[in-house]
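Peer 1: Quick one: the structure is below, and I'll ask about it shortly.
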């Protein structure tokens, strides 16, 4: 198809014109009417032309009126109005809908008479009241159905109720500008729950007085009375028992206590840890996003953490979870493993390993090399370690079920050891609100006694001559000093260990002095984490290095 090929063959058929597709289309033919060009008139010329027409029209009407008057003809009012309408540019046919809309009556009769006597033109008065009457006119013009009227009444009633309640609250606050101490009978009983706003107001007022006690206190009131009132109000408002609230008041300054208690009322964000033995964080995040999960990197201090805001599928039942691509794990649980810094081809012990989140993280950092012993005293919880070990693909892990308080009698010679000791759980109150009212002095004493025994056995299991290790990391999900700094001080006094830096980039330093008790000066190397400061569960991390098998220095100084 197309243009024919030219050849030198004499027997070929002669070319008879162009090919089928090469024929040119003729020029288009238009009627003569369409060929006439229309002159374009600019907007300025059109405006001048319209003005000229109006002037001519007005002059014509004036001439007619003058001629009829000169001839002696009478002109009626209707005819005069018609002539005036022609001058204004409209006729009687559109007279009704061109009349300006009358405004609503804004004043009483007396005020209306006074306004009529005023010399201000009507147009100026209309401009002054127009802004206030536009909204009413719109409501009157548009007809409303019954449901809209009822909805408007309900909204207005809610607004009035809210204003009255706020006014009553302000009135009550003004009546109680000074801190009102309840009677002795009311102090011993729980405060009524119906007046929580006033209770919180009194809490803040007491804190304000305690911050400037010399100038704001009542003359006949002591500081202890204010502290007792504050403790009782905080217990009633946040549902804590007296023992735990007393511990928290000793631990935090008054400026932070409310922030900490409020943070415990909010759940921490859901976080997961990428299993680097099977995938990368970027690939895992993309796979979860494709399944309808809103996910982001956790923070700059971790390269394996992801935070999940919301999900359309169960996070613990996705194909990625069942394949072992990630582990549901709190962000604060990353920190002890990061401080331990396990190396490939080492012998590492996880003393309290269940359910296996930290152990699997250690195994991933070791790249399935060396030996990892995951121990837990609870046989049922040890089964969870086995399940997660198989799911996540760990091949260097040995799961044991031994009592951590006598573990050194069975095994030893480890390069590193992680002790995530069982504790009172005062750092995870958001997960377990029962801690608020269930803990007492005996529970804390039972916890730190077991923690001391476990930590000493972990130190005895470490090889002090290890070329790459000799480190012990101690961590708890508690914020009490009795379970943290006091336990570390006990280990320093009874074993040949010293405190070293954890290597963590953030966190609050440990206490070197608490309520008159002096701890080791290097206790500042420990790290504390709080919900209201770091948006993590309350946590404590300390790192020790064993340098000898001899008994420790009783003074605790290295």
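Backbone N, Cα and C atoms are what each Cβ position is placed from, and that goes for glycine too.
Remember, it's a predicted structure, so these values are computed and weren't measured experimentally.
Copying in the features that TrEMBL gives for the protein in this structure:
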- 1-12: compositional bias 'Basic and acidic residues' (COMPBIAS)
- 1-37: region 'Disordered' (REGION)
- 62-169: region 'Disordered' (REGION)
- 73-83: compositional bias 'Acidic residues' (COMPBIAS)
- 87-97: compositional bias 'Polar residues' (COMPBIAS)
- 110-126: compositional bias 'Acidic residues' (COMPBIAS)
- 134-143: compositional bias 'Acidic residues' (COMPBIAS)
- 144-167: compositional bias 'Basic and acidic residues' (COMPBIAS)
- 260-547: domain 'SAM-dependent MTase RsmB/NOP-type' (DOMAIN)
- 352, 353, 354, 355, 356, 357, 358, 376, 403, 420: S-adenosyl-L-methionine binding site (BINDING)
- 477: active site, nucleophile (ACT_SITE)
Peer 1: If you measure residue 352 (S-adenosyl-L-methionine binding site) to residue 477 (active site, nucleophile) at Cα, how many Å is it?
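Peer 2: Approximately 13 Å lies between the Cα of residue 352 (S-adenosyl-L-methionine binding site) and that of residue 477 (active site, nucleophile).
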Peer 1: Please report the Cα separation of residue 356 (S-adenosyl-L-methionine binding site) and residue 477 (active site, nucleophile) in Å, rounded to an integer.
Peer 2: 16
Peer 1: Between residue 358 (S-adenosyl-L-methionine binding site) and the residue listed as 'active site, nucleophile', what is the CA-CA distance rounded to a whole number of Å?
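Peer 2: Cα-Cα distance, residue 358 (S-adenosyl-L-methionine binding site) to the residue listed as 'active site, nucleophile': 14 Å.
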Peer 1: My understanding is the cutoff is Cβ-Cβ under 8 Å with a sequence separation of 6 or more in the same chain; which residues meet that for residue 403 (S-adenosyl-L-methionine binding site)?
Peer 2: 377
Peer 1: Starting from the Cβ of residue 358 (S-adenosyl-L-methionine binding site), draw a 10 Å sphere and report how many other Cβ atoms land inside it.
Peer 2: 26
Peer 1: To the nearest whole angstrom, what is the C-alpha distance linking residue 477 (active site, nucleophile) and residue 354 (S-adenosyl-L-methionine binding site)?
Peer 2: 14
Peer 1: By DSSP, how many residues in the compositional bias 'Basic and acidic residues' (144-167) are helix, how many strand, and how many coil?
Peer 2: 22 helix, 0 strand, 2 coil
Peer 1: For the residue listed as 'active site, nucleophile', list the number of other Cβ atoms lying within 10 Å of its Cβ atom.
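Peer 2: Excluding its own Cβ, the number within 10 Å is 23.
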Peer 1: To see if you understand the setup: which same-chain residues, six or more apart in sequence, place their Cβ under 8 Å from that of residue 354 (S-adenosyl-L-methionine binding site)?
Peer 2: 376, 378, 381, 382, 384, 385
Peer 1: Looking only at Cβ atoms, how many others are within 10 Å of the one on residue 352 (S-adenosyl-L-methionine binding site)?
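Peer 2: Total other Cβ atoms inside 10 Å, all chains included: 22.
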Peer 1: Take every residue in the domain 'SAM-dependent MTase RsmB/NOP-type' (260-547), average their pLDDT values, and give the whole-number result.
Peer 2: 94
Peer 1: For residue 356 (S-adenosyl-L-methionine binding site), list the number of other Cβ atoms lying within 10 Å of its Cβ atom.
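Peer 2: There are 28 of them.
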